[in-house]
Amino acid sequence: MSDEKIVRMIRSSSVDDISSSVDLDSAYGPSGFRGLLKSSNILFYSLFASLGGFLFGYDQGVISGVLVMHDFEARFPRVGGNGDLQGWVVSIMQLGAFVGALINSPLADRLSRRYSVAVACVAFLIGSVLQAAAVDNSMLFIGRFIGGIGLGQISMGVPLWIGEVAPPNLRGSAVTLQQFAIACGIMISFWLDYGTQYIGGIGEGQSQAAWRLPFALRVVPALTLLTGCFFVLPFSPRWLVKVGREHEALTVLSRLRKMPENHPIVQAEIMQIKAGARFDALTIKEKFPNAKTPAQIAFQQYKELFTQKHLSRRLFVACFMQFLQQFTGVNAIIYYAPKMFKSIGLSGNSVSLLATGVVGIINVVATVPAIGIVDNFGRRVVLMVGALFMSLSHFIIATLYAIYEHSWADHLSAGWAAAAFVWFFVFNFAYSVGCIAWIYPTEIFPLGVRAQAMGIAISVNWISNFVIGLITPIMLSQFKFGTFYFFFAFTMILFCWVLLFLPETKGVPMEEMDRLWGGNEGKETADRMARIQQELKCESRNVPIYRKTGSYSDDLDIELQDQY
Ligand code: BGC
């Protein structure tokens, strides 16, 4: 849509006219890589914030290598090797993250998105120092739990922030950068463990630095992100509007879009945000006149999430997608790949470790195309293709496993074929549900309940992650090939669910999501919206409109009484 048309709409009629999604979308420019390169500041900010994703991946990945290091096993016999507490030292982090994701909602609303991430970094740093310096089990466990809280907060706060600063045409790609960073974190921690295990030798003489170093190194990206929260990342303009700092929001938005404050696109976007925020606030005020304190308001908002049909529908989608992301079995592979590769006949420690290293590399590489496609092809089609190939992979691995279970040694090629399908699975996970499960929760909720809803959704990710970590070893030893049929079933469910029920959100501005999910119908709501629109229309009349010399027609210049 031309700038002219947007200007006319701003000046003439209602917010609804201004925010016709398709038009505004095309006004923003290209999506994918081209769009990101054009909006270099969005690219820079998203990459910077994605340091949080890097911490997430690094923390998930680092523990498996540490647990089998000689010096670590010697110092923590109940935790390392085959110790009885091994499962718990891994999963206590996920429990911490579950709590962290939930508590970050009020923090992200009260302190701001960016400062909630700063608080998270502090928790993460405390946890990292305790783990790196651990002298006994309790120090290790407490360190992992506190670090986990920080991680859960980060995994909720970072995509929330990115989703709120990105324009609609780049939202998917920008949030995908955090998945890319997660994958990099997993890969780097794996190879780092692989390298540091040689400090002092892998046997008796192994130095404690072999495992303390990978724990300690996390401090570097965490400190960088912490500093960046104060000096690099701007406030989310949506949060600023939510807390009534509308003028600042406009300034930030114009910086983010690299356009003057009075540019029609910036004006149209700020109006959409204001309309959405005012609508949410007014709804709560009118529906719950007795809710006065922030805690009372937050309580009503949580309640609305479960009782309003259109909100509970969105909540279900966000949570179910997180659940299914975990039940594709990705972490069964990431946590237990060496064990799996051994069980399908790839003999020798180094072979199975190398096969695991390949998992990490594929996971990173396959995330890259997602950055280019999620905003172009749309979320649905990418999810369906990914789900279909993931199920195919599980099915083939399970079947090969069932046939060759007792004769892998005589059928080496079957073992390698199964390994190849494990890699193929990871490839398909990485560009599809790996990324898209993070995109939906950031974009489908109204501003008023976004932080609460995201906290719940991301906590579902962590609790499901915890369950997978717990049940996979049991399933592998009891059901063997059945484990892969189990995951096959969930990837098929993902496919069918997306095909039949999931709406496409590509390019839809956050403030227009109601169109996809229903809700906010009825006379009362329409009246409320009309009042807000009237208010905003009056405000917009006082905005001098930016003019690119020669780009507007004469009659438009007159109509706008352009002051420039
Ligand atoms: C998941 C993690 C998983 C990672 C693999 C993320 O999206 O939430 O649990 O380990 O992808 O890259």
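Each residue, glycine too, has its Cβ placed from N, Cα and C.
A TrEMBL annotation is a machine prediction, not a hand-curated record.
Annotation comment: TrEMBL describes 45-506 as domain 'Major facilitator superfamily (MFS) profile'. Summarising the annotation, TrEMBL assigns transmembrane segment to 42-58, 85-103, 115-135, 141-162, 174-192, 215-235, 315-338, 350-374, 381-404, 416-441, 453-476, 482-502.
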The transmembrane segment (453-476) versus listed stretches 115-135, 141-162, 381-404, 416-441: most Cβ pairs under 8 Å: 141-162
Residues from the same chain, set at least six apart from the ends of the transmembrane segment (215-235), whose C-beta lies under 8 A from its own: 45, 48-49, 51-52, 54-55, 58-59, 62, 66, 112-115, 117-118, 121-122, 124-125, 128-129, 131-132, 154, 161, 165, 192, 245, 248-249, 252, 255-256
Top partner of the transmembrane segment (85-103) among 115-135, 141-162, 315-338 - counted as Cβ pairs under 8 Å: 141-162
Top partner of the transmembrane segment (174-192) among 42-58, 115-135, 315-338, 350-374, 416-441 - counted as Cβ pairs under 8 Å: 42-58
The transmembrane segment (315-338) touching the transmembrane segment (416-441) per 3+ Cβ pairs under 8 Å rule: yes
